[in-house]
Each structure stands twice: as structure tokens, then as C-alpha cells.
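Features reported for this protein in Swiss-Prot:
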ACT_SITE  145  active site
BINDING   144, 148, 224  Zn(2+) binding site
TRANSMEM  4-24  transmembrane segment
TRANSMEM  38-58  transmembrane segment
TRANSMEM  159-179  transmembrane segment
TRANSMEM  199-219  transmembrane segment
């Protein structure tokens, strides 16, 4: 879940910078100089949309380390770190890709995998998770994160976000142009966008961006089921993953990081639309019914 939230926040920041830069450089004035050029607008939206998502992907590992204070284990200094590194090595080898970086950080029970590719990935585990589960359960969580990497979930998320970014920019500019044209009623023939265009485009980008995040979270929840199934396959047994999920469910909400509580682990209702993970009971049921 931390992986998805960090990606979305980074994507928002990058898109904001690119959008403001485009406005300063006069791209919007060019697009509306002789009426709205739909073809050029679509190209512009795709360049900014996919550019923003791929920049976010490239920054994902660095941002994850910075935001959590995760320390990569280069030389294990304890038996716990030796076990952690060797477990990730064994699981990644079984999955068929080079061992990712392994990091540990102080915090509530959590773990995540991130990185732009299998060969440049990171698996990070919190001390809270290591101390609240037995080793078999921790191994199942690690297998889950390794499965995320093996399934290419970060790249999939990037492509989905790129498409959504494109539509957010494209539709917001069209609506902004229509609003601006209505407000000005041809009183300004210069073709330069007015204040109505800027306000409307920013408002629409925020609104459509929120709606787009719901779509991203929907796909994220689907990928979680695949990662659970992948963990069961890597472990050769679905029981450890089920036990790990139940262990998470037995923790008090106050022991969980905020993003876990917002992911359906300790909440529901409308917020479920913005959850990166399905409810624990649904994940457990899916594992128990798998053949």
C-alpha cells in the first residue's frame, strides 16, 4: 500500500511541476491560438501524462527510501538481517529474477516493494512487522512483495496512471476552453486563454485526478489478489499467507500505519474506493477458495 500511495503522491507532484512549466512556457496559449487544436492537445496530454508517470516510476525507489528512512542492508549486522536477506534471495531466485535490494526501517507493521524494474527493485520491511509476526508469516509477506516485483505491478501501475493522466489533462483543457469561451463571448480575439481557462483547468485537473485515483486503486486491489496467490505459489503452501493476513487483522487499528487503516484493513464504507488493498477477509477467502 505504501508503494501505491508513494507513487500517486510522486505522480501528483511531478504532474504539477510539468503542468506549471507548460503554462509558463506558453503551451496553453499555443494550443488555443486559433481555436482549440484537439490533435495537438492529445499529443501534449500524452507527453505530459506518460512523462509524469514514468518519471514517478524512476523516482519510486529513491522516494520510498527517503520517506520511510529505510536503510538498505549491504552487510547484515544481526542474525535477523541475515535471515531477511537470505529469505528474499531465495524467494527472488525461485521467482526467476535477480535479488532486489533489501531494506529495513523503524515503523508500524508494514512492508512494500518498489522500483522501476525487476533488476532495480527494493523490498523493505518495518521493524514493527518483524516483531509482530513469526518467521513463517514474515516469509509469506516477503513472498507477497517479491510477487509484486515478479508480476511487474509497478510498471503496470505506471501505464495505467499514464493513460489516466492523459485523459485528465485532455478533458480538463477541453472543459476549460469551453468555459473560457462562454465567459468571454468573443470579446477577446487574441486567442490567449483568459482567467476562466486557468481556473477551470486547475479545478478540473484536481477533480479528474481524484476520480483517476479511484481507478488506480481499483486496479491495485486486483493486483493484491495476484500477489497473494503468487506468495502462496512461492511458499508452496497458502496457509502461511493466510496466517499472515490474520495476524494483521488481529492487530489493533492503532498499531497499524495510517495507510493500512485507509486500505480496508481497519476501515470501510466510501473510503474503500480509495483503498489500495481489498479487505483482509476477502483476501483470505480468495486464498482459501483457490485450487
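Sequential numbering from 1, following the chain as shown.
Cβ from N, Cα, C; glycine included.
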Residues close to Zn(2+) site centre defined by 144, 148, 224, Cβ within 8 Å: 113, 145, 147, 153, 223, 226, 227, 228, 230, 231
Selected stretch (most C-beta pairs under 8 A with the transmembrane segment (159-179)) from 4-24, 38-58, 199-219: 38-58
Rounded distance in angstrom between the Cα atoms of residue 224 (Zn(2+) binding site) and the residue listed as 'active site': 10
Chain-internal residues, separated by at least six, CB under 8 A from residue 144 (Zn(2+) binding site): 111, 227, 228, 230, 231, 241, 244
